[in-house]
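So the structure is just underneath, and the comments pick up after that.
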Amino acid sequence: MISLSLSDKVALGTALLGGMAGVVGSFAVLRGRALVGDMLAHAALPGVCLAFLITGNRNLLGLSLGALASGLTAIVAVAIILRWTRTKEDAAIGIVLSTFFGAGVVLLSVVQKPSTGGNKAGLHSYLFGEPGGMLTSDVLLLAGVALVVLAMVVLFYKEFLVVCFDTDFAQSQGWPTIWLDLAMMAALAVVTIVGLPIVGVILMAAMIILPAATARFWTNRLSMMLVVSCGFGAAAGLLGTQLGRGFPAGAAIVLTAAALFVVSLLFAPQRGLIARLLVEYRLRRRIADEHLLRTLFELSESSLPDVPVIPLRDVREYRHWNSLERVLERARDEELIDSGEGQVQLTPLGLHRAAKLTKAHRLWELYLMEHANIAPDHVDRDADDVEHLLPESLLVELEQELAEEGRLPAIAAEVPESPHELSPEN
Amino acid sequence: MIEVIDLFGEPSTGTWIVLTGVTVNAACALVGCFLILRKMSLMGDALSHAVLPGLVIAFVLTGSRSMVPMFVGAVIAGLLTTFMTQSLHQYLRVPSDASMGIVFTAMFAVGVVLVKQFSGGLHFDIGCVYEGALEYVPFGIRVAGMPRQLFTSLMVMLLNLAVILVLWKEFKLSSFDPALATTMGFSATAMHYLLMVLVSVTTVASFEAVGSILVVAMLIVPASTAYMLTDRLGWMVLLSVIFGAAAAVLGFRAATYWDTSISGMMTVVAGCLYALAVLVSPRYGLVSSMLRNVRMSLLVLRDDVLAMLYRVEELGSEKHFSVAETAKGVGGGWLANFAISQLQRAGNIVDASGGLRLTDQGRETARKLVRSHRLWETYLVEQLGMPLDHVHEPAHRVEHFIDEDIQIQLAAELDTADQDPHGRQIPE
């Protein structure tokens, strides 16, 4: 047997716990049961106290079995309340959580009486967590549970996947969804309970939710989410115990996990806050740019093929602008327009692109009127919203369709006529 | 802990403790009703943990444990929690329960670290955060002649009461129909935040006295108990306050009797009261709904027995069924036997030699039933065009509920009101 130093044991144990919590937490978060971990953690207390009263010592396995028993009782109690009463799910969880915990507090005060010879410190770690006291046997227990959880996820990956995302489908396929659901809950319960003495009640609830919610920012695939969540959980355990020396270890672990969450929330590609703001900003900018080109085209249309010089005043009146100056500047930089002294003119490149845009706009309007039965006086507004999101392939399709039906206007090779009267603010 | 109290021998210590428990529980129950109606029960759990950093920071900044800065710190922490929870859910698409779990656990972790950091000059026991120290309430500083904790929880109870009474209509409407509330000109969001402020304040006032776990329980459990008993908001609020108070009194008695944690015992009593309401609530309780089901099953079984005997008679069969055969014919089980004996006692059937026979009275009832059944079958075929082999089941289910009025209406709608679609006579 390799002998580990205490700090190695703590690091290994918390990393194992974090990794497991990440895996079972992913299923809990996806199933909308994030707070079941919280409930289990609270509901374990009476079981711990009873196990202590019965066995008379604080053997981790015995206490954990007690905790597991009362945790599962709590899950059953919530299920009964939901099935048979009008109490809603949130209240059911709250009622069971607080009543069980209250019973735990009552039993704890019994345990702590001198007559029962209670070892107060040992049980209190179930409330507040004490990773510093980790024994080799605790690490082995954690490793064993981790193996079981891993094996379960690998074996039933496909089943869990379907139950998570489409329970009805799983049921219609004749799968035992109730048992699969129970298996997920049981795994959650076991992990919560082995983690309790390490990080404590509240912080165990955090370990279930945080790594999973963090991983959700990075991927849309369950398999990836499990791996990433496991990684984040383990990292939170390792980093938390290393960086948080001198702080309460449970809180340090959770704060590390929370920091990872905040970083992901900000910087994750696609789902992250910055990425989403960027996408939104780019879209808004492109829409403004395209509005400018179409406005200029429509103002120039009557005198084509000559490209007229248009007073900026006309542009301003044509529609509402948020920051026309910046839009003009961008168009100038791309050599789409020439402008100066309150005037603006499309360059040949600008004219080409403006014609293309206007064509897309009008094709879409036509389509909406012909196929979606939208009134002509409403069509421009809808077209305005959507045209910027249309892919090129759809436009080609629309054009072909209208051409086949012989309704593509003669000049459509260039730009079809507007199906409604042109006016400012259209 | 109770021994300590006994040493002092002050007769009113128990009274002070109970009074504190009652006011705390009442204050919690008042706001708890709205929490459970908005399906936000767990916000109580979340806020009671999340205010911890607010409390510690307020304490460190002011260096005092006076209530005003504590309240300010808690309210700020509470609003921050509410705001962050909603933002995570709305803007970053984190599931709502997960976002709440993330925010309050992280806030709590910050609180734990702060407590550790400043515990040098701070008398702040984490154990006390959970279990409270109701036992010590009578020995603290007195304000206005009563223990400080009692005074603050009384103030908060009155505050909650006042706000709820003044904004009764607004609270009511925004709890049941937030969209309508907003269209009527008062923002449901504002009411939401106001409620969160009240919950935060209540949490803090109760914290020190009874501990976070009793706060969480008292916010949800008495209100849920009341919700099992009534559909009217006014009654619900009143009942929840009564249940909260009852939990305080009974919990104290039980804790003294068994010499154990008072706040823990109050929580357990509240849970037991809820369980009791689940069992015996007249309208929504398990027992009453079970009774309703049994009564309905008996009605159906009695009807089935009568109709079966009638049909046998109608076929002109000489054979009569024994009690056992009849019971088996309508599905069997002790309920069927019970239904048969009910019919015998009511004089609808007699157990003559050779088997069960309808009495005249029983035949009359059975005739009406069979008429209902066949009229309905005919109606389904004639008016709804259902195929012949599909009409027996629905008719069998609905026959118990077709009274004379409906019979007349059905007969009027039908072309052939004397024969059912299987070709059998519809009895007059």
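Keep in mind that glycine also has a Cβ here, set from the backbone N, Cα and C atoms.
All annotation found in TrEMBL is predicted automatically rather than curated by experts.
Of the given residue ranges B:180-203, B:204-227, TrEMBL assigns the label transmembrane segment to B:180-203. Between the transmembrane segment (B:180-203) and the stretches B:16-37, B:97-115, B:236-258, B:264-286, it is B:16-37 that has the most C-beta pairs under 8 angstroms. Across B:97-115, B:150-168, B:236-258, B:264-286, stretch B:97-115 shows the highest tally of CB pairs under 8 A with the transmembrane segment (B:67-85). At the 8 Å Cβ cutoff, the transmembrane segment (B:236-258) and the transmembrane segment (B:16-37) share at least 3 close pairs (sequence separation 6 or more) and count as touching. Averaged across the domain 'Iron dependent repressor metal binding and dimerisation' (B:359-428), pLDDT for the predicted model comes to 82. Here the transmembrane segment (B:264-286) has long-range neighbours at 21, 25, 131, 210, 213-214, 217-218, 221-222, 224-225, 228-229, 243-244, 246-248, 250-252, 254-255, 258, meaning same-chain residues at least 6 beyond its ends whose C-beta is under 8 angstroms from one of its own. Broken down by DSSP into helix, strand and coil, the domain 'Iron dependent repressor metal binding and dimerisation' (B:359-428) contains 48 helix, 2 strand, 20 coil. Outside the transmembrane segment (B:97-115), and at least 6 residues removed from its termini, the chain residues within Cβ reach (under 8 Å) are 42-43, 45-47, 49-50, 52-53, 55-57, 60, 77, 80-81, 84-86, 88-89, 122, 124, 126.
Using a Cβ-Cβ cut-off under 8 Å and counting only residues 6 or more beyond its ends in the same chain, the transmembrane segment (B:150-168) has close neighbours at 16, 19-20, 23-24, 26-27, 30-31, 34, 67, 137, 143-144, 191, 194, 198, 201-202, 205-206, 209, 237.
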